[in-house]
Every structure is written in C-alpha cells, then in structure tokens.
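Worksheet: the structure to be examined is printed underneath.
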C-alpha cells in the first residue's frame, strides 16, 4: 500500500473514531432547576393528592437542557442506588417530595435521575452526586423559590398578583437573571403559578437567563396576573 493509500486509511479510521465518540457523548448547554408549588400541582392534577400539601415550592428536578434542539433524556440505564441515600433521606423528603404520592419519594427521585440526571455528566458525576447537588443548590446556595419570594414580602396567600412582581422578586435573588414560569388552570378554572425554573450554566457555577418558557398560547403559558 502506498503513502496515499495509508493516509486515506488513517483518515477514515480517525473519522470513524471521532464519530463513535461524538455519538456516545450527550450534549447540553445549561441546567434547569425546576421547583413546583405543591398546592397548585395538586389543584391542577386530574387525580387529587391524597395528603395535605405544604405551601412551598419544592424541587421537581435538575435538568440538563439545550437552547436549541431537544433536551437529552435517559442517557444511561443506571438505576438509583437507594441503599446509598442514607442520611440524605430526611432532607430530600422535605425539599424534594413526591407531591402526588408521598409514599414513594424514592421512586420520584429515581425517575428524575434516570430521565435527567444520567445526562448531566461531567457536571453530575453519578446518582448520589445528583442528589447531593440538589441539596446544595436548594439549601446551601439558597436557590429556594419560596424563600426568595418571602424575602420580597410575596407570600402564598392564594390571591392574584402581577406576574412581573414575582419575576422581579426572583431576579433580585438570582443576580438579575430571567426565570421561567409554568402556569395551569386549576379545577376552579383559576390560573395558578405551578412551577418556577432557575437556570444555570452547564457547570452550575452561575445563574443565566432562562432561554425560553412555554410557547405563548399553550396551556402552560402564564397570563399577566396569576394566583399564588
């Protein structure tokens, strides 16, 4: 084989290796830290919640996401090792409860880990690091939407209020970055604030503006005034 043939073969092999590596690497641009307001989740759910809710925003999930194109999901088949959760359980049950089924918190964490957490490498190392990261963000770093709103004297009293007031309060608590909102009509056809998402860069080092919310006109978009 001549030099030209060897060069061609080397190029083909190298290209194949690059293709294999790139196909096995899942990309993401940023993280969404989504929190759900427990009463609104239950009010908008077709099946009523069995247990009383706390008037708190608690964690829905931490999701690797993309500005353009689909968000990565289920990147590995690694299950959550519930035997290792140990002394994190008490904190997680408070800040990350399964609102719809409080008898199965672990099942909720595992669902979030498999669907989203497995796609967070290298920022998220493994299942326990995923849970530890959520605890750190919500408690240590005070990325707690209820606390942020309370600091701005916005309390969950079930009244309608301008969405811009809620946004401005959250901006003050997140270095003036834009959050994302999800709203939904409850059984009384009142539109409630169901979720607030705080966005961070792909290394979870700093807040960023959330790129986009639900499309205008969708059933999850928020009007100018919402109940909270």
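Residue numbers in this text run from 1 along the chain shown.
Each Cβ is built from the backbone N, Cα and C atoms, and glycine gets one as well.
Pulled from Swiss-Prot, these are the features on record:
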type     : residues                                : note
SIGNAL   : 1-27                                    : signal peptide
BINDING  : 36, 60, 98, 99, 108, 111, 112, 115, 116 : RNA binding site
DISULFID : 42-49                                   : disulfide bond
ACT_SITE : 60                                      : active site, proton donor
DISULFID : 75-119                                  : disulfide bond
CARBOHYD : 87                                      : N-linked glycosylation site
CARBOHYD : 101                                     : N-linked glycosylation site
ACT_SITE : 112                                     : active site
ACT_SITE : 116                                     : active site, proton acceptor
CARBOHYD : 144                                     : N-linked glycosylation site
CARBOHYD : 157                                     : N-linked glycosylation site
CARBOHYD : 175                                     : N-linked glycosylation site
DISULFID : 183-222                                 : disulfide bond
DISULFID : 199-210                                 : disulfide bond
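Structure with Swiss-Prot features highlighted.
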residue : record           : contacts (Cβ under 8 Å, 6+ apart)
36      : RNA binding site : 57, 58, 59, 60, 99, 194, 195
42      : disulfide bond   : 48, 49, 53, 99, 100
112     : RNA binding site : 60, 61, 62
116     : RNA binding site : 61, 62, 63, 64, 73
183     : disulfide bond   : 191, 192, 193, 194, 220, 221, 222, 223, 226
199     : disulfide bond   : 30, 31, 32, 33, 65, 177, 178, 179, 180, 207, 208, 209, 210, 211
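Cβ neighbour counts within 10 Å, taken over all protein chains shown, single out 144 as the most crowded of the glycosylation sites 101, 144. Neighbour counts were taken as the number of other C-beta atoms within 10 angstroms of each residue's C-beta; across the recorded positions 98, 157, the minimum falls on 157. Secondary structure at residue 119 (disulfide bond), as computed by DSSP, is helix. In the three-state DSSP classification, residue 98 (RNA binding site) falls within coil. Secondary structure at residue 36 (RNA binding site), taken from DSSP and collapsed to helix, strand or coil, is strand. When Cα-Cα distances from residue 144 (N-linked glycosylation site) are compared across the recorded positions 75, 98, 101, 157, 175, the shortest belongs to 175.
Looking at residue 175 (N-linked glycosylation site) and residue 108 (RNA binding site), their Cα atoms lie 30 Å from each other. You'll find the Cα of residue 87 (N-linked glycosylation site) roughly 18 Å from the Cα of residue 108 (RNA binding site). Neighbour list (residue 108 (RNA binding site), Cβ cut-off 8 Å, at least 6 residues apart, same chain): 96, 97, 98, 101. Residue 75 (disulfide bond) sits 40 Å from residue 157 (N-linked glycosylation site), taking the CA atoms of both as reference points.
Residues listed for RNA, 36, 60, 98, 99, 108, 111, 112, 115, 116, cover a largest CA to CA span of 19 Å. Within 10 Å of the C-beta of residue 60 (active site, proton donor) there are 21 other C-beta atoms, taking all protein chains into account.
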